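Worksheet: one structure, shown below.
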Amino acid sequence: MMEILRGSPALSAFRINKLLARFQAANLQVHNIYAEYVHFADLNAPLNDSEQAQLTRLLQYGPALSSHTLAGKLLLVTPRPGTISPWSSKATDIAHNCGLQQIDRLERGVAYYIEASTLTAEQWRQVAAELHDRMMETVFSSLTDAEKLFIHHQPAPVSSVDLLGEGRQALIDANLRLGLALAEDEIDYLQEAFTKLGRNPNDIELYMFAQANSEHCRHKIFNADWIIDGKPQPKSLFKMIKNTFETTPDYVLSAYKDNAAVMEGSAVGRYFADHNTGRYDFHQEPAHILMKVETHNHPTAISPWPGAATGSGGEIRDEGATGRGAKPKAGLVGFSVSNLRIPGFEQPWEEDFGKPERIVTALDIMTEGPLGGAAFNNEFGRPALTGYFRTYEEKVNSHNGEELRGYHKPIMLAGGIGNIRADHVQKGEIVVGAKLIVLGGPAMNIGLGGGAASSMASGQSDADLDFASVQRDNPEMERRCQEVIDRCWQLGDANPILFIHDVGAGGLSNAMPELVSDGGRGGKFELRDILSDEPGMSPLEIWCNESQERYVLAVAADQLPLFDELCKRERAPYAVIGDATEEQHLSLHDNHFDNQPIDLPLDVLLGKTPKMTRDVQTLKAKGDALNRADITIADAVNRVLHLPTVAEKTFLVTIGDRTVTGMVARDQMVGPWQVPVADCAVTTASLDSYYGEAMSIGERAPVALLDFAASARLAVGEALTNIAATQIGDIKRIKLSANWMAAAGHPGEDAGLYDAVKAVGEELCPQLGLTIPVGKDSMSMKTRWQEGNEQREMTSPLSLVISAFARVEDVRHTLTPQLSTEDNALLLIDLGKGHNALGATALAQVYRQLGDKPADVRDVAQLKGFYDAMQVLVAARKLLAWHDRSDGGLLVTLAEMAFAGHCGVQVDIAALGDDHLAALFNEELGGVIQVRAEDRDAVETLLAQYGLADCVHYLGQALAGDRFVITANDRTVFSESRTTLRVWWAETTWQMQRLRDNPQCADQEHEAKANDADPGLNVKLSFDINEDIAAPYIATGARPKVAVLREQGVNSHVEMAAAFHRAGFDAIDVHMSDLLGGRIGLGNFHALVACGGFSYGDVLGAGEGWAKSILFNHRVRDEFETFFHRPQTLALGVCNGCQMMSNLRELIPGSELWPRFVRNHSDRFEARFSLVEVTQSPSLLLQGMVGSQMPIAVSHGEGRVEVRDDAHLAALESKGLVALRYVDNFGKVTETYPANPNGSPNGITAVTTENGRVTIMMPHPERVFRTVANSWHPENWGEDSPWMRIFRNARKQLG
């Protein structure tokens, strides 16, 4: 039976207005829209009155409900029948944890009530299309239609392909019907293999073969033999990449054979809990560094949010599945798309060349894609710390004559670093009889054929297959799986994982054969043991779907009870689906039909399939010299600062958590004004050291339209000039990931790809001492479509994205572009040696030109000398600032440095030649250093010692004030206010935020950037930051116990434990499953802290599902109530823990006036470094801190304080229960965005109880208790930041 329960409004007022505007633009006469959530409960037995009331309360979440009279035509959007949404699985979990076992399943839809003039049936179809994602959702016309969500279909049988009867044609037909993307020689191979086996292939076997042997999975082009201009080439592309490792194997522990590469890290204290006692402690050992960068281009073109989200999720799984299990740590992201053409903000260089129907626009990609990637990282709990964004779309005269070049098929880059134990770097042996396990969520009928689909140019496959090949995301599930992997590797020698791979392209059909084959075994599997949410799926769909958040593992049979225990504690689903066999054979049995859908020797599937040969011709681009007739420097500056590649990226940065882990030493946002211009990202290796890891990106794709090899060399060079900002030491410590994107088969591109790979693999990297131990290729970067009577193609430039990774010797020495106004000198290091080439620059692009000669690496020895000199200067603390020269040239380098420093610049460029335009806008390698005036001679002397004398030019200095002045021999070349330039640079991000988020918030933020008087973040302390008030108590040797409480989806518990540990506590890991299972009680704890994250993925309201699992479970409710009523206890709730505890008001004495925390006013997840003041309150944790004003990490989507009415707010204030408030940079309490990131009234962001024993706050003090973890801080802070005082106060209070 199904029960229907109404929920809260689903759309904010500004979202409704945006939707109405979209309908008007499509000429659909819709006058009004109201949308609310509707819940559907599938019951196996009726609920009694008490249970009914409990369910009703469970489904009351989000902003307070206001009465609304429903009017208009109903369009009900629900998940697709036959699927179970991530929301459903988590909401059902919560219901069961609350004791409501009569509920088989909860599901949620959005009921849209549309008031419109008379619309035709076709127009109503258009309206419906605007309201749902056809990939994951459907539209019903009545609420009762939702019963279809709970219909269980009968399993479908396997089907065979009549090869023996119909011959080769049967395979050709199956190839088209199933979208297998098989080549002619592969069809021949399969015909021969199955004829030899004497039987017809099943569809599942062909599908499995196609996925496992797709270009996406097998990298056929990179392993191919090459003939160029009639001459056979000596090496494959992959062999040239491997040459970098053969030349420089230093520090590499694993390359080319696992899900990620591994290099040597630092010996530090890794902090985690003991399996038996739950007690957190430091474990001194090497934290080796793993690195991986993926792309997810095809799915992002079809459906950007899930495409980018699952791209990030897949790369995170690659990291976790390295060796015998590893820990993902920090991420990077990148996007290349065609022109944005923001409505009302179109730029002079943006022409509309059309696009295929099946893919979305560049604007859609950049609106939804970054949100999807960020949301996955946020919910998983991985900070996203660096990235790139390029737009390019133009008709150009390139290698193949005049043609359209751009990124209709986008690049969506997802990468990152992690850490791994030394004894887990290499995978173990799979013993015969080992249990073969799928860890993670159930199989669902989504993401079919992703590997094959990604291997085709867009437009070659059927549109329905394109949509079928996109996956969907459930990051909270992936977090649960990662917690299991963490528990395994933390066991050290007792790690039960022998072998692990992630499930990606091709689903289990690729992952399981790869697992057993890599382990030298075969596998015997049972299809129906695979967890599945859709009973009607065929064997092909169960085995080959690409449902996300899954891993395949081999675990020895005697270790299965331990593995089971770990999974149950973390609530991570798993299934044993087979056994490892001695014979390298793959068999899959189907219990339901008692047949054998797969019965193949592994060498048929993964053996010597036909090798590709590429026979290609070279084409050379001539280019045309830049026509500069109508270009003025003033206009060029304005245009270049509006090019999205150059323009401010705040809209891409603040949506992503940049502080989770408490180990982020350098994020994108720089200085007191938080300007996104950092050259590289830096993390600490641990919570007890200054060793670290760095990441940077280099990419100069448009240059490939003139010179393939130069583009590749520049990508390496740019990654190097970016990462040189931190203290690494030996250049051989730097390892690169190379991600190659090309339109294989397009005239000239294959030979160009070979040139580019050779340039870096055989020449530049070996000469520099750099290794490329990891990478990926995407060889189908072209879209085709019909525009009227014309067949069109959009081909991307050959695109190499280099990501550089390195061990850092001291994270405190990292430089930023933030200028200082003390007596200083600005020096240009011009590695272009005066060439000043303007081909394929931002300047050329904004004037719709390509130019002829591009930048290049002019002198490899000088590039190496630059890096070595920088390392000496960084270590000696001789530099005040550094910023590389890249897109937009020297002009943009200087402008961004001035923005970060909120100061003026006075420079003279006479020494750079008479061509001022070329001097300011060329994109040759190099950058600007700022030194103290007194150090200038010594720095120039040192640079000369490293062979850079002819590259160094004194420019001028940074000055206090607002003027940005460039002269040549004292004649003004360009002069403007820095604030004006800052506003120009910010307009793209402003317009994107207005479109995507609450426009009122976007306007407020843009206005703040135009305020030259803004003093920036600043600190006022009412206490001595260096006084350790907990020291006397620590000296006694007594360590009170704090329960570090987490629920599934919580991700900030480790740094929280570390902060309490430092203050003298024994931090104990307590999962809600421990409390619900009765394994742990709260009676032995002196303090309790509820940590941040996304419990249950914020399903049923942020923190609300977690709270209700406490309130509706009598025994656990009693545990909490007893704890809160016990004297001499302390409790802290942070972020998700704050939201959760605000819903436990009925259990916490003195909390009756606490507010609720609901969706941010911006309607967006906000990651900010915000200024707060400590107010007078009873809070015992904030004693002695009143009046202090300091920045703190903020990361939440639902942090806005909601009170019942004005009287409620007044009572909260008058009782003195407000503990922290947001203030602006002038020190005034504020409700203005973004100083107040969520719109809370009177800046309220923390409250306490009347006795001060329980304090809850939305910001994260635990993430910034170390000074190095603060995005900006005063120079005189030592190891501990002021926020450490909270935790020491806790220790002091307990005596």
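First residue shown is number 1, and so on along the chain.
Yeah, the Cβs are placed from backbone N, Cα and C, and that goes for glycine too.
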**Item:** Glu718, Asn722, Asp884 bind Mg(2+) per Swiss-Prot; candidate in Asp679, Asp755, Asp852 listed for that same site
**Value:** Asp679
**Prompt:** Looking at 305-327, 581-603, which one does Swiss-Prot call region 'Disordered'?
**Reply:** 305-327
**Prompt:** Where Thr386 (ATP binding site) and Asp679 (Mg(2+) binding site) are concerned, what is their Cα separation in Å, rounded?
**Reply:** 8
**Fill in**
DSSP assigns the residues of the region 'Disordered' (305-327) as 16 helix, 1 strand, 6 coil
**Asked** When DSSP states are folded down to helix, strand and coil, where does Asp679 (Mg(2+) binding site) land?
**Response** coil
**Request:** List only the single closest residue to Cys1135 (active site, nucleophile), chosen from the binding-site residues Thr310, Gly313, Glu718, Asp884 by CA-CA distance.
**Result:** Gly313
**Asked** Excluding Asp679, Glu718, Asn722, Asp884, which residues of the same chain place their Cβ within 8 Å of the centroid of the Cβ atoms of the recorded Mg(2+) site?
**Response** Cys680, Ser696, Gly698, Ala719, Leu720, Thr721, Ile723, Ala724, Ala725, His883, Ser886, Gly927
**Request:** Report, in whole Å, the straight Cα-to-Cα distance of Asn722 (Mg(2+) binding site) from Glu1262 (active site).
**Result:** 29
**Asked** Between Ala678 (ATP binding site) and Asp884 (Mg(2+) binding site), what is the CA-CA distance rounded to a whole number of Å?
**Response** 10
**Item:** Neighbouring C-beta atoms (10 Å sphere around the C-beta of Asp679 (Mg(2+) binding site))
**Value:** 27
**Asn722 (Mg(2+) binding site) to Gly307 (ATP binding site) - Cα separation in whole Å** = 28
**Spatial separation of Gly313 (ATP binding site) from Asp679 (Mg(2+) binding site) - C-alpha basis, Å** = 25
**Prompt:** Could you give the Cα-Cα distance between Thr310 (ATP binding site) and Asp884 (Mg(2+) binding site), in whole Å?
**Reply:** 32
**Request:** Write down the Cα-Cα distance for His1260 (active site) and Ile316 (ATP binding site), rounded and given in Å.
**Result:** 24
